[in-house]
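The structure appears right after this line, and notes come after that.
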Amino acid sequence: MELTTDDLFAGISMIMIGLIGILLHGVEFFGIRKLYKQFIGFRLILGAKLVDVLLLFQFGIWPGIVCLTKNTLIPVEYKEYAHVYMDTTWFSMCYLTVFISLSRLICVIFPFIFRQFGKRHCNICFFIAGGTAFFQSVGVHTTSWFVSLYYDPEVYGTTGDFKKHQNGGTATYYFITNGFVMGSYLIVYSAIAFTMIVRRKLFKAVNGTISTNVVVNIKGVKHTKRVVSSNSVEFRLMVSCIASALLFITGQFLINGGLGQSKWTGYYVINTLRNETYRNFKIFLFGKNPPSTVIARECSNHINAITTSYELLKNNPIQIT
């Protein structure tokens, strides 16, 4: 088949966005190495980066090649196996996102517990997220009501029995499971933002300042304070969550209401799904420090402050006369 201008635009843009995303994830990987060494819990983020790279291939490079070659690449009779893989990677990302948000909540509320988060705990989280996603995907693909989709070069996205997909329960299944993940994500980050706001107000009431970042050097007993805007972290957290929620709702509306009606609808749906792999980069748009870095720094500062107080009291006990 001869490629049209639309084919070239759709195929090249999907491949380029996928490649750029993989490059950005590589850059971010090197940026969080220090956090990984300081807090082993950030191993979860590194694992999520690997899944994101798979998703960028799945929702970027793969459909782009299909579009440019005018070939499904995988025979239609094997579409169920390909769709199991696609769903497994997608839901692995979803569940890892929930685990990461919970780890950040623990980091803010229980910093000592977060510091004890070891390799075994990270592996358990990986196993739960990946295992649940895999068995969930295999389970629904064995049912009679579930519709497996596959990449079609003519629609710039996936194709299949869309009437059964929308009316037979498949669309409802995706809406409920994805909605549960997004709802959990919003609730946890709202709790993080609320906790940080309350903590700032308490520090302000006690110390007359909104600074909560206190770096303590035990040897020199040197105190350094860095003032942080009272709403910068909370603002970036909530804007990122709200943006993800709006994109999710828009994508679900198109999937449930218009999937299969236009080739560009499929293109937008693929871009909406791929956008989830850029969720951390959206936070960077609202400040030079991502909330994960700020949260980790606050956790580190609280631990250092508590440890220093303990060392000072142990070496210089208070005597009551």
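Glycine too: its Cβ is placed from the backbone N, Cα and C atoms.
Database features, via TrEMBL:
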type	residues	note
TRANSMEM	12-32	transmembrane segment
TRANSMEM	44-65	transmembrane segment
TRANSMEM	90-114	transmembrane segment
TRANSMEM	126-151	transmembrane segment
TRANSMEM	171-194	transmembrane segment
TRANSMEM	235-255	transmembrane segment
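Per-stretch counts of Cβ pairs under 8 Å to the transmembrane segment (90-114) identify 171-194 as the leading one among 12-32, 44-65, 126-151, 171-194. Same-chain neighbours of the transmembrane segment (126-151): 44, 47, 62-63, 66, 72-74, 76, 79-80, 82-84, 87-92, 94-96, 99, 157-162, 164-165, 168-170, 173, 177, counting only residues six or more beyond its ends whose CB sits under 8 Å from a CB of the stretch.
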